[in-house]
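Participant: As annotated by TrEMBL, domain 'PTS EIIC type-3' applies to A:3-421. Annotated transmembrane segment per TrEMBL: A:26-43, A:73-94, A:106-124, A:144-166, A:187-208, A:238-263, A:296-316, A:336-359, A:405-422, in sequence order.
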Amino acid sequence: MKLLDQAVNVAQRIGGQVHLRSLRDAFATLMPFFVLAGLMVLLNNTLIKPEGILSGFISNATLTHWQQVGNSIVNGSLNFISVLIAGAIAYHLCQNKGYADPIAPVLLSIATVVIFMPESIHLTDVLTQKSVTVTGGISFASTGSAGMFVGILTGLVVTSLFIRLANAKRLQVNISGGAIPPAVVRSFNTLIPIMLTMIVFALFSFAVQSLSGMDVNTLIATLIQQPLKSVTTSLPGFLLITTVANLFFSVGIHQGVISGALLDPFLLNNMQENTLAFAQHQDIPNIICMAFKDTFGVMGGSGNTIALLIAIYLFSRKADYRDIAKLSTAPCLFNISEPIIFGLPIVFNPVLIIPFVLAPVISLTTAYYATAWGWINHVTVQIPWTTPPIISGFLATGGDWRASVLQALLIAITVCFYLPFLKFAERVAMAQAASSQG
Amino acid sequence: MIKIMLVCNAGMSTSMLMNKMVEAAKQQDIDAEIWAIPDAKLNEEWKKADVILLGPQVSYLKSRVETITAGSVPVEAIPMLDYGRMNGPGVLAMAIKMKK
């Protein structure tokens, strides 16, 4: 099993790589924020929308007033993501590197995000509609999704530097003595590392601004974030990464290792842009985003396994296949597919691996073009990945029933796609059973 | 008393296996504390465990867990079929064997 060893090796490297791990862990921590923001935008654009369902009973002014709640939540989550992610990454990086006291690096990372922000910002005056340049302010343009990559890099780099400095014995202020409380000793120990880290990044920020004329935020967004994003979330790049991830799953390694590290930052970035555009009634910029993948490529779990489940219910005559289908039904409705992946198994099953890897490619490509051609609304709302299919399509597209129909259609298509492979896998399994008995 | 910690990617499917194991422990009168965590919580949680079981989809974490725990807690990946078919009694027996 040379190939397997290699796959495990790669997964071990990626899954164990401390910065990528911390990135995944930070996203996991922040997911509730994304989901809540999505739900609030959904609510603001459906139920309490002026001229919406409730407008018969409640005045438009009141409805607009109520939207404040949702808007403030969006401001505190999506529009503040670069700050939140910097702190979350610093925390998890400390955890993963075994640094016991994360508070200083968390605060430092947040401070550095602000250090990197432009000194003056361009705003539009509401009354005159004229563009004005002001100082003394921070804009959502730098704390929001455009600054997300800065937040990620800041959290990683600042924390790494800080931990290194904090572990250097020479930089510790020695005030040891029996009567001094340990907390005081600790705060003195981190005094110099904290100040040094701040100064280093402030000087770096100053140097970048002086040399390039651009603030670090804008520089990283245009030079790194945008190019990487357009590679990973173009249709071919996206399909390639999801396919590789599912290939990993077909040898028993969770696909989240690959897609979590390579894809999620950009999918989430696209997701935020979509959600904000939806909230502001603008054109939706991206087709491929986080909830797009979950809604059309992970129906019933990795590999669109709900289709396989249905195929087994409808056409399988093999008793243990039907048993495992029964066992897997409840989790599968919530997109948890491990029971069927390991129980059937799909893993190491050369026949079933083919539709397992290709079914998501079919459904994602179809959904991509259905969106591009305007047959369904763009995916704009981040929903929990455990939201059952059919419902997930409706919610993720901001309440478009056509997306649910498309999901049903895609499930039907992939049932047909799974079917010949299922039949063949059954024949192989039965032949194997017969030969081992005889 | 045996404390068994199950680990998987999101802590979802292992929590189903956890339920089956708790059931099995009750039937066999075994005093066991069993819980499931996503792998992100490993650093915080491993100290509470007597035995760590990994879902097969995160079996690649084994060497990492061994590094974190410095080998002080036995760790093993759950066999795929036992995991997929949610064999609660089987995995419970495996965990008990590992503790000894």
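We count from 1, first residue shown onward.
In case you wondered, yes, glycine gets a Cβ from its N, Cα and C as well.
Any TrEMBL annotation is an automated prediction that lacks curation.
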Participant: If I count Cβ-Cβ pairs under 8 A between the transmembrane segment (A:73-94) and each of A:26-43, A:144-166, A:187-208, A:336-359, which range comes out on top?
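Facilitator: Of the candidates A:26-43, A:144-166, A:187-208, A:336-359, A:144-166 scores highest.
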Participant: I need to check the long-range neighbours of the transmembrane segment (A:238-263): which residues 6 or more away from its ends have a CB within less than 8 Å of a CB in the stretch?
Facilitator: 3-4, 7-8, 10-11, 14-15, 17, 20, 23-24, 27, 232, 288, 293, 297, 302-303, 341-342, 346-348, 353, 356-357, 360-361, 364-365
Participant: Can you name the far-off residues of the same chain, 6+ from the ends of the transmembrane segment (A:106-124), with a Cβ under 8 Å from a Cβ of it?
Facilitator: 82-83, 86-87, 89-91, 94, 130-135, 137-139, 141-143, 147, 150-151, 154-155, 158-159, 162, 194, 197-198, 201-202, 205, 209, 215-218
Participant: Using a Cβ-Cβ cut-off of under 8 Å, list the residues of the same chain that are 6+ residues beyond the ends of the transmembrane segment (A:26-43) and lie near it.
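Facilitator: Answer is 69-71, 73-74, 77-78, 81, 84-85, 88-89, 91-92, 155, 260, 264-265, 268, 271-272, 275, 278-279, 290-291, 380-384, 395, 398-399.
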